[in-house]
């Protein structure tokens with residue numbers, strides 16, 4: 001029997017308009033009533049994710065910044081991982097041949113140099129989380145959890161080649177969304193963060209289930225006892241984890257539908273969405 005459920009937020013738990021549907025909210029509360037540990041694992045900043053949970057009346061553990069931060073259910077930070085100072089310095093000061101915009105995440109917030117398009121801000125309407133305009137090269141080299149590049153996917157694929165050539169195996173690169181490429185501390189991902197959290201709680205990864213849709217969910221989905229892939233997941237994720245169940249679309253609150261079946265039949269081995 002699984003004792004912890006971990007959920008990606010955007011594209012998984014949230015609908016395309018970045019809201020939590022009523023069925024999803026109800027099933028999350030059912031899990032809490034069953035004394036399951038509920039964990040939200042997201043690329044979002046803590047200052048973005050926590051207000052969403054508070055508004056919904058949810059209390060759970062938080063993995064934020066794609067594994068760079070871990071918080072307990074009272075909001076106490078359990079683990080923090082930053083880019084090494086020399087690497088952060090190189091990311092911020094190297095001239096990358098790209099039109100993608102650069103965004104830096106620190107405990108104090110989201111930093112960028114230019115105004116962010118309104119469509120990017122829609123994802124943060126529930127929390128009110130907003131960027132801070134600053135000259136990125138003036139940021140301290142210490143305390144930078146991750147750097148995100150936003151732009152068209154084809155542009156980011158070219159940038160990914162540059163970053164791999166420059167850093168080799170000194171960082172992890174990950175597509176957290178089709179139009180978002182992230183530079184993360186080496187070995188830092190949702191899977192490693194969930195492993196740390198599960199050990200903190202006295203659990204094994206085999207006792208955890210997880211849901212996700214993007215490449216930043218790959219390690220988490222691959223290492224838990226039961227990983228579930230969204231129907232709207234990136235094709236790369238589905239091809240890399242062909243052994244995992246695929247359920248419906250986040251627009252139809254597929255996580256809620258799946259869990260409603262699972263709560264009635266915990267040993268369910270097929271997807272009720274298909």
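Yeah, the Cβs are placed from backbone N, Cα and C, and that goes for glycine too.
Values in this document were obtained by computation on a predicted structure and should not be read as measured data.
The DSSP secondary structure for residue 8 (active site, nucleophile) is coil. The active site, nucleophile annotation in Swiss-Prot covers 8 and rests on sequence analysis.
Look at Swiss-Prot and you will find 8, 10, 213 tagged as Mg(2+) binding site. Around residue 8 (active site, nucleophile), the same-chain residues six or more apart in sequence whose CB sits under 8 Å from its CB are 41, 42, 190, 210, 211, 212, 213, 214, 216, 217, 220, listed in sequence order.
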Sparsest Cβ surroundings (other CB atoms within 10 Å) among the binding-site residues 10, 213: 10
Beyond the site residues 8, 10, 213: chain residues whose C-beta lies within 8 Å of the centroid, for Mg(2+): 9, 11, 12, 13, 14, 42, 212, 214, 217, 230, 250
